[in-house]
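J.: I'd like to ask you about the structure that follows.
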């Protein structure tokens, strides 16, 4: 029992030791530009230990307030709490030093960060004495401010046959100069001034002082017009040839270090050589032959075809050769040719044309060209020949078509030209079925031959108290007629015959059949009342009488009306009796009054007749409209 307890105790102790060994963390990873602080740097770390990080030398925290610690949790580090980020420290730009400046490496913004180098450079004319480089350290720029001292030169050498214009000094600083002058009778070769350069020597080399003489040149048939001996360095001499001679070579010479700069000129007898042809033209000489190129001859310019002489017409052989200048022949140019009616150039017109350039005209569709299609810029500056004309194409007259003809627009000769219209018109009694108009196009008359069909009418209407003489047909063609007759006892009013007209309706309106009476007889001092006066009286109409002027009814209540019965008046109902007073007027006066009364009655009857005709016309119009509407209705139904 004691042995078992002892073994259990040993097992538990071992188990605790194993647990302690497993609950440890390795050294944490530092990462970029980070290290553990000295107090956090240990060989082992137990569960719960914390460590703190800092930036490596030359780096600083991006944010000084960020969390910098890690904690050992079990056997691993919790890196989620570590926020420290490090960046290079900056030393800032160095101020320029006297007579110099810094250049930084690397270039740009990196040139002032930890590890960068600032190299000293002295200004032109200065050299670096000490402290060439400085480096950006953790504590800032190391080293000291560079020292640049001015470049110095020993005095320049003396020269033969010359000297400095001022006494030489023992030493010269950069930029100081010395000027040399030559002794009398000597010429300087080279720059007179030398300066102390940045290399510590005088530049350029000092000049030389030498004596230079040139012998007078000999020019036969010539003379000196400028310069006289002695001819020293850079002296000039100028020659001219005698009259009748011309110079070959340069007439002006310069005395250089080794003699004259060129050979003396030659004066030769004047003989004008034939002139070379000039651009776009030739010369003609006067006099002709060999004498045409001797002194005094004339060369006249002539331009080639298509060119005209702008300037310098003639040249003359003078002592010095041909005078004047080369003639200028300019190509002949033309303004653009005119536009033409009903046509245009094949290509857009230019602002101007040169000789030989051409313009081709084309006519618009439907037009035919008369004349040359192409005109060219000619030698006289005008386009030749004249531009063409574009005339309307003719389609010719169309043949008349069955039962119709064409009407041309515009009228006359223009009616069959391009753009004209031929409108179809059917003959009387025919109507146009299709193809109303045709047009004269570039290819001829368009469209097809019109079709005219005979006008047809529906049968005319039946009439009251009458009928057609023959049974009505289903339809009638233009010109066919129908004759109406009235029943016995009725009289026909209007035209008995109606015909199928050009508008597809029967004309005139059908007649009416009415029973009527003649105008009632007036006697026994009785006359019709004004409202009873008519041109015709139908069956059943009544007429009313009254006593004539100057008479009175015997019985005012007596019946005064009669009735048209069939074709006769029933006078049995007329009971009016009139008695007339004897007037004491002269017979001539009575006659005048009667005549006036008759005129009144006549005027009244005329007015009634006019009114009746107007009413009849209105009735006819209504009948035509009714018939037309009936026809249209039937057409729609078909």
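Placed from the backbone N, Cα and C atoms, the Cβ positions cover glycine too.
Please treat TrEMBL annotations as automatic predictions, because they have not gone through curation.
So TrEMBL lists the following for this protein:
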{"type": "SIGNAL", "residues": "1-23", "note": "signal peptide"}
{"type": "DOMAIN", "residues": "23-88", "note": "domain 'Sushi'"}
{"type": "DOMAIN", "residues": "89-150", "note": "domain 'Sushi'"}
{"type": "DOMAIN", "residues": "151-211", "note": "domain 'Sushi'"}
{"type": "DISULFID", "residues": "153-196", "note": "disulfide bond"}
{"type": "DISULFID", "residues": "182-209", "note": "disulfide bond"}
{"type": "DOMAIN", "residues": "212-269", "note": "domain 'Sushi'"}
{"type": "DOMAIN", "residues": "270-331", "note": "domain 'Sushi'"}
{"type": "DOMAIN", "residues": "332-392", "note": "domain 'Sushi'"}
{"type": "DISULFID", "residues": "334-377", "note": "disulfide bond"}
{"type": "DISULFID", "residues": "363-390", "note": "disulfide bond"}
{"type": "DOMAIN", "residues": "393-454", "note": "domain 'Sushi'"}
{"type": "DOMAIN", "residues": "455-515", "note": "domain 'Sushi'"}
{"type": "DISULFID", "residues": "457-500", "note": "disulfide bond"}
{"type": "DISULFID", "residues": "486-513", "note": "disulfide bond"}
{"type": "COILED", "residues": "594-625", "note": "coiled coil"}
J.: Provide the number of Cβ atoms within 10 Å of the Cβ of residue 363 (disulfide bond), excluding the reference atom itself.
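T.: So the number of other Cβ atoms within 10 Å of residue 363 (disulfide bond) is 22.
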J.: Rounded to a whole angstrom, what is the C-alpha distance between residue 500 (disulfide bond) and residue 390 (disulfide bond)?
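T.: Residue 500 (disulfide bond) to residue 390 (disulfide bond), Cα-Cα distance: 51 Å.
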J.: Between residue 486 (disulfide bond) and residue 457 (disulfide bond), how many Å separate their Cα atoms?
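T.: So the Cα of residue 457 (disulfide bond) lies 23 Å away from that of residue 486 (disulfide bond).
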J.: Give me the CA-CA distance between residue 390 (disulfide bond) and residue 182 (disulfide bond), in Å, as a whole number.
T.: 92
J.: Compared by Cα position, which of the disulfide-bonded residues 153, 196, 363, 377, 513 is the closest one to residue 209 (disulfide bond)?
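T.: Checking each of 153, 196, 363, 377, 513 against residue 209 (disulfide bond), the shortest Cα distance is to 196.
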J.: Can you name the residues of this chain that are 6 or more positions from residue 513 (disulfide bond) yet have a C-beta less than 8 Å from its C-beta?
T.: 463, 464, 465, 466, 484, 486, 487, 490, 491, 492, 493
J.: Work out how many Å separate residue 196 (disulfide bond) and residue 182 (disulfide bond) at their Cα atoms, rounded off.
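T.: Approximately 21 Å lies between the Cα of residue 196 (disulfide bond) and that of residue 182 (disulfide bond).
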J.: Here the disulfide-bonded residues are 390, 457; which one has the lowest number of other Cβ atoms no more than 10 Å from its Cβ?
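T.: Counting other Cβ atoms within 10 Å of each of the disulfide-bonded residues 390, 457, the minimum falls on 390.
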J.: Can you tell me how many other Cβ atoms are located within 10 Å of the Cβ belonging to residue 500 (disulfide bond)?
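T.: Its Cβ has 25 other Cβ atoms within 10 Å.
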J.: What's the number of neighbouring CB atoms sitting within 10 A of the CB on residue 377 (disulfide bond)?
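T.: Its Cβ shell of radius 10 Å holds 25 other Cβ atoms.
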J.: So, by DSSP, how many helix, strand and coil residues make up the domain 'Sushi' (332-392)?
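T.: For the domain 'Sushi' (332-392), the helix, strand and coil counts are 0 helix, 27 strand, 34 coil.
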J.: If you compare CA-to-CA distances from residue 153 (disulfide bond) to each of the disulfide-bonded residues 182, 377, 457, which comes out shortest?
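T.: That would be 182, nearest by Cα distance.
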J.: Note down the number of other Cβ atoms within 10 Å of the Cβ of residue 334 (disulfide bond), including every protein chain shown.
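T.: Here the count is 21.
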